[in-house]
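Let me begin by presenting the structure, written as structure tokens, before commenting on it.
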Amino acid sequence: MFRQRTIQNLVRTTGVGVHSGRRVELTLRPAQPNTGIVFHRVDLPQVVDLPAQATGVGDTRMASVLQQGNVRVSTVEHLMSALAGLGIDNLHVDLTAEEVPIMDGSAATFVYLLRSAGIVEQNAPKHFIRVLKPIEVREGEGRNEKWARLEPHEGFALAFSIDFRHPAIDSTANFAEIDFATHSYVREIARARTFGFVNEVEALRSMGLARGGSLDNAIVMDEFRVLNSDGLRYDDEFVKHKILDAIGDLYLLGKPLVARYVAQKSGHALNNQLARALLEQQDAWELVTYESQAEAPQAFRHEWKLA
């Protein structure tokens with residue numbers, strides 16, 4: 001059968017929160033089958049557990065934030081994206097502050113950590129959410145219109161369009177399509193960094209956001225150009241980072257999707273609305289397992305091979 005996965009060994013790192021600017025220690029621990037991904041705020045007098053669930057998202061300003069009462073875990077999307085890309089179902093995530101560290105602004109460090117810990121299969125079938133009919137969410141009008149859609153597809157594919165009307169971004173591709181039957185998450189998506197604009201920093205920091213942002217963990221632009229001396233990692237790094245985010249946001253459904261995601265100018269808020277809309281329309285999806293690797297769509301066999 002196509003089995004669930006966790007990591008073999010505990011792994012730990014430290015970093016800063018891109019929004020809080022606070023130092024945080026991150027510990028990733030193996031978890032039993034059917035646990036899912038669970039975040040733990042171990043810095044509090046009593047540890048608070050926050051399961052990685054779309055319905056647990058309480059804030060989507062510049063990040064996906066899990067919330068339980070007054071307790072938050074912010075900026076979960078890059079780690080969730082890495083877990084989705086590597087096919088990891090079960091994991092305990094311990095944090096000593098309210099934000100997952102930003103690392104280099106991509107998912108690459110998390111991919112490295114998870115692979116270093118060793119990825120192992122477990123004696124339990126992996127469950128997938130197979131989309132049976134299209135689900136779409138929209139907001140805005142005209143040039144401000146944003147939308148995101150899930151539609152049936154035997155595998156996992158994403159297509160994304162962006163429109164920032166900025167010379168540095170417009171000089172790159174504003175559209176990308178990734179089908180994991182033929183594309184590699186690790187090689188083609190994981191290294192895409194988050195990005196921001198110098199002229200927005202002051203306003204964001206006054207809102208308690210972007211306090212840990214720097215050229216070390218983001219692509220930063222002035223009015224005309226990219227300020228990072230090393231330039232871009234991919235020719236289409238901007239739109240690929242939006243795909244990276246979407247993969248992480250959608251993995252808050254708790255299981256990998258058998259579907260195609262198509263979006264225009266979507267972000268964390270719309271992605272979360274889409275995930276919730278899918279869960280609410282129960283005739284639009286079904287849970288499936290695969291008796292063997294050979295039965296599963298190529299998208300899941302292509303990169304989830306264990307050494």
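For all residues, glycine too, the Cβ spot is worked out from N, Cα and C.
Residues or ranges marked as Zn(2+) binding site in Swiss-Prot (evidence: sequence analysis): His78, His241, Asp245. Following the DSSP three-state reduction, the secondary structure of His241 (Zn(2+) binding site) is helix. In this view, His241 (Zn(2+) binding site) is surrounded by 28 other Cβ atoms within 10 Å of its Cβ, with every protein chain counted.
Taken from Swiss-Prot, the feature active site, proton donor covers His268. Counting only same-chain residues six or more apart in sequence, the Cβ atoms lying under 8 angstroms from the Cβ of His268 (active site, proton donor) belong to Thr60, Met62, Ala63, Ser64, Glu77, Asp245, Asp249.
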- Item | Number of Cβ atoms other than its own within 10 Å, given for Asp245 (Zn(2+) binding site) | 24
- Cβ atoms near His78 (Zn(2+) binding site) (within 10 Å, other residues, all chains): 31
- Item | DSSP three-state assignment (helix, strand or coil) for His78 (Zn(2+) binding site) | helix
- Can you see whether DSSP assigns His268 (active site, proton donor) to helix, strand or coil? helix
- Query: Other residues with Cβ within 8 Å of the Cβ centroid of His78, His241, Asp245 at the Zn(2+) site?
  - Reply: Glu77, Ser81, Ser106, Ala107, Ala192, Arg193, Thr194, Lys242, Leu244, Gly248
